[in-house]
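> Here Swiss-Prot flags Glu42 as active site, proton acceptor, drawing on sequence analysis. Positions annotated as active site by Swiss-Prot: Lys107. Summarising the annotation, Swiss-Prot assigns active site, nucleophile to Cys141 and lists sequence analysis as the type of evidence. Among the features that Swiss-Prot reports, domain 'CN hydrolase' is placed at 4-234, with the record citing sequence analysis.
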Amino acid sequence: MPGLKITLLQQPLVWMDGPANLRHFDRQLEGITGRDVIVLPEMFTSGFAMEAAASSLAQDDVVNWMTAKAQQCNALIAGSVALQTESGSVNRFLLVEPGGTVHFYDKRHLFRMVDEHLHYKAGNARVIVEWRGWRILPLVCYDLRFPVWSRNLNDYDLALYVANWPAPRSLHWQALLTARAIENQAYVAGCNRVGSDGNGCHYRGDSRVINPQGEIIATADAHQATRIDAELSMAALREYREKFPAWQDADEFRLW
């Protein structure tokens, strides 16, 4: 059964400067080989800016760059960007394969405390991406607080979060990532940014990968621009879910 080698890039972002951010990640991705999935933070071309979509790089430009990086690294490249679409502005999580196939998920839960819901259109569909034998559920930042949306119906193996999660609530980030892994009996990975943004908001990072029993198998140092690597085991995941099949006793409800 295939394992999954995942890399999280915990990095600062240049405020509202798409080309500068792409150049930064060009440098971070240089020389990375032998990975299956490489993850960048939420809104990696701009930082978490409410006006980002209006002045953002075009989706085609971002996708072309991600495709080139996916081919270079022979890996799925994943991260969210602010985009202007025909139906409105979205916070779109893009997952791009080396062959050019593009998967996307539009952030469902918009952070009203900074009026994200007034600037962006919420997504309305869960997406499962199948990649190299793994089923991946992409989610974005504030989605983490809403467990029904990430409820595992035995339809995914890895919940993958990207975020701009502020330092004052870092305890919530760490606790909720662990909770999502335990309750869903799945791997969870969360890639957060570091540094400060144009609004003076500070970010610790605390990016991590957690196994289905809630054990942290890789974690990034707080406030450090770094990368972390982990290898996920499908055999271990299946063995645990078979030996402790709590998912079979889940309440029968569905809200989407």
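Placement of Cβ uses the backbone N, Cα and C atoms for every residue, glycine included.
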> Measuring Cα to Cα, how many Å separate Cys141 (active site, nucleophile) from Lys107 (active site)?
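Distance between the two Cα atoms comes out at 8 Å.
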> Between the Cα atoms of Lys107 (active site) and Glu42 (active site, proton acceptor), find the distance and write it as a whole number of Å.
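Between the Cα atoms of Lys107 (active site) and Glu42 (active site, proton acceptor), the distance comes to 10 Å.
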> I'd like to know the mean pLDDT over the domain 'CN hydrolase' (4-234).
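Its mean pLDDT is 98.
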> Counting every protein chain present, what is the number of Cβ atoms, excluding its own, within 10 Å of the Cβ of Glu42 (active site, proton acceptor)?
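Excluding its own Cβ, Glu42 (active site, proton acceptor) sees 26 Cβ atoms within 10 Å.
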> Can you tell me how many other Cβ atoms are located within 10 Å of the Cβ belonging to the residue listed as 'active site'?
26
> Including all protein chains shown, what's the count of other C-beta atoms within 10 A of the C-beta of Cys141 (active site, nucleophile)?
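Cys141 (active site, nucleophile) is surrounded by 26 other Cβ atoms within 10 Å.
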> According to DSSP, does Glu42 (active site, proton acceptor) sit in a helix, a strand, or coil?
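Going by the DSSP assignment, Glu42 (active site, proton acceptor) belongs to neither helix nor strand, so it counts as coil.
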> If you run the three-state DSSP split on Cys141 (active site, nucleophile), which class comes out?
helix
